[in-house]
Amino acid sequence: MTTDTGVSTTAAAAGGRVRDAAIGTGRAGDKIFASAARGSGILVLALMAAIAVFLIWKAIPALQKNEAAFLTSEEWNPNAQPPRFGIAQLAFGTVVSSLLALAMATPVAIGIALFISYYAPRSVAGPLGYLVDLLAAVPSIVYGLWGLLVLAPRMEGVSGFLNSALGWIPLFGGDSPGKNSIFTASVVLAIMILPIISSISREVFLQVPRAHVEAALALGATRWEMIKLAVLPYGRSGMIGAAMLGLGRAMGETIAVAMVLTFVPGINWHILEDGGTTFAANIANSFAEATETGRGALIASGLVLFVITLIVNMAARAVVARRKEDA
Amino acid sequence: MAKRIEVSGLHAYYGGVHAIEDISMTIEPRSVTAFIGPSGCGKSTFLRTLNRMHEVIPGARVEGKVLLDDEDLYGPDVDPVAVRRVVGMVFQRPNPFPTMSIYDNVAAGLKLNGVRRKSRLDDIVEESLKGANLWNEVKDRLNKPGAGLSGGQQQRLCIARAIAVQPQVLLMDEPCSALDPISTLAIEDLIAELKSRYTIVIVTHNMQQAARVSDRTAFFNIAGVGKPGRLIEIGETSKIFTKPEQKATEEYITGRFG
Ligand SMILES: Nc1ncnc2c1ncn2[C@@H]1O[C@H](COP(=O)(O)OP(=O)(O)OP(=O)(O)O)[C@@H](O)[C@H]1O
Ligand SMILES: [Mg+2]
């Protein structure tokens, strides 16, 4: 079964069969290809190592001067004397906005993919699929502008409604629902990650073997029952991979989030209220005016984002691998 | 339970391609009817018109009548999903649902029909697997994936899945073509047992198999490349194999074909 998505293919390709290729028949072409492949592999690893070393080397002095707890403090004053900074509010904003975006985008994206693959007549499916793919090509700055100028003003009403209807849920609580909130940012993020989740899911659905589809139909399954019997089980790991790629994209998204959010220091669990920030948005907003130590602090926060993304990726791969074994 | 099928004036198309032409025949209940004929003459296509599976291929359509005990399967109010619950199908390549256990594979159709009670599911799953001569081989690993069985076992699993919903008719498209001789014999024995309860139609390229398992045989042929397939003749298997009425049938059966 090849339900691999970007999440799992890259590493398999990089770390996979490079060495087996060297055990070829010894013909010239084989040798050239083997060394070219090995060379590119080594180059990638070396580059990654170089970047990591550079970033860590830049971050260490700032971390040494830091007077606050880097992992748990909600402060972000790296330019002060003495510098005090911690990533707690960044991590909070990043994780909450991305997860919320994922929760909103995934069902819609999979719904769109199913509609295009199994419900829409062919004359509609083609253009619609193309349109969804086109959404992925829109630059983030455009989403940012749209989020700030078009969406945010309209979110005030939505936030107010959610606050009054679902205020008993702590996340939706608070006294002053606003428009430049984490919630608004996650709506923008949801729209941004929708196309990638949708098009990967569609790719996966296209690969569902005809034999499984026909097996379900021949048993007297309706279209939806066929999807449940044949399509979703086959596409499950691919859909998880797609969602994780979307999550990764949402966590790293910078400019759109930076434009939508109004910075208010500290963690605010009431995500309908203005404020909040993320790793990437914080770096974009404060890098220009940062001092030497400030830059080191931002780089350190970037490293944390990198680690979180890595963990998400590995978790996704573990899920996908376990599901495959079950299958 | 078994029903008679009466086909009249049936044509099937793939987009603009006319695949089979003007087929009329009667398929008797509680008996096995074999379809034979050269590759590409439309046996599979015709078989799939009998449970409205033909039309799931984009652009494919059917003209004509298929009566199942007087009810036209292509009538205006007939739901193809309902037809497929009554006319079961086994494919050439075993196609169990790969992510499902053996048990769930057999229970899949039952669950579609709204059977939810565990004890009843257990009973029918056991009965169907016994019916498909697979029970003894899998009874200790019902919760293992169906994809982990051998090809012959998978095909019998597919037969169990098809008979679990107690269809009126069972269509089989070369069910043994991917199997070894032992599994083939097991399935032929099974067909012989099942025919007391179902109307069975089997497509086969194996003359001996047709002669062994079927009561009646239909021979299909094409006039030439690109021409639609036609029914040449249908009759008692013993008669088709000894004294066919058409010369083409005799040539095909004796191997002096083409
Ligand atoms: N999905 C399809 N799209 C277009 N044409 C098709 C399709 N399936 C079959 N055909 C055509 O319809 C004709 C009949 O095919 P069919 O598969 O019914 O033959 P068959 O008798 O079952 O052959 P075989 O013995 O090789 O299985 C052939 O000319 C084939 O090319
Ligand atoms: Mg065929």
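The backbone N, Cα and C atoms fix where each Cβ goes, glycine too.
Curation plays no part in TrEMBL annotations; they are all automatic predictions.
As annotated by TrEMBL, transmembrane segment applies to A:41-60 (among others).
Look at TrEMBL and you will find A:87-116 (among others) tagged as transmembrane segment. Long-range contacts of the transmembrane segment (A:87-116) within its own chain (CB-CB distance under 8 A, at least 6 residues past either end) are made by residues 70-74, 76, 125, 128-129, 132, 171, 182-183, 185-187, 189-195, 197-199, 201-202, 205, 227, 231, 239, 242-243, 246-247, 250-251, 257, 261, 265-267, 271, 276-282, 300-301, 304-305, 308.
Residues or ranges marked as domain 'ABC transmembrane type-1' in TrEMBL: A:91-316.
Residues annotated as transmembrane segment in TrEMBL: A:128-152 (among others). Away from its own ends, the transmembrane segment (A:128-152) comes close to residues 112, 115-116, 120, 179-180, 184-185, 187-188, 191-192, 194-196, 198-199, 202, 253-260 of its chain (Cβ-Cβ under 8 Å, at least six residues beyond either end).
The transmembrane segment annotation in TrEMBL covers A:181-200 (among others). If one looks beyond the transmembrane segment (A:181-200) by at least 6 residues along the same chain, the residues whose Cβ comes under 8 Å of a Cβ in the stretch are 5-6, 93, 96-98, 100-102, 104-106, 108-110, 112-113, 129, 132-136, 140, 143-144, 146-147, 151-152, 155, 159, 162, 238-239, 241-243, 245-247, 249-250, 253, 256-257, 260-261, 271-276, 278.
Residues annotated as transmembrane segment in TrEMBL: A:254-272 (among others). Under 8 Å from some Cβ of the transmembrane segment (A:254-272) lie the Cβ atoms of residues 74-76, 88-89, 92-93, 96-97, 100, 140-141, 143-145, 147-148, 151-152, 159, 162-163, 170-174, 177-178, 180-186, 188-189, 192, 278, 280-281, 283-285, all in the same chain and six or more residues away from its ends.
For A:297-320 (among others), the entry in TrEMBL reads transmembrane segment.
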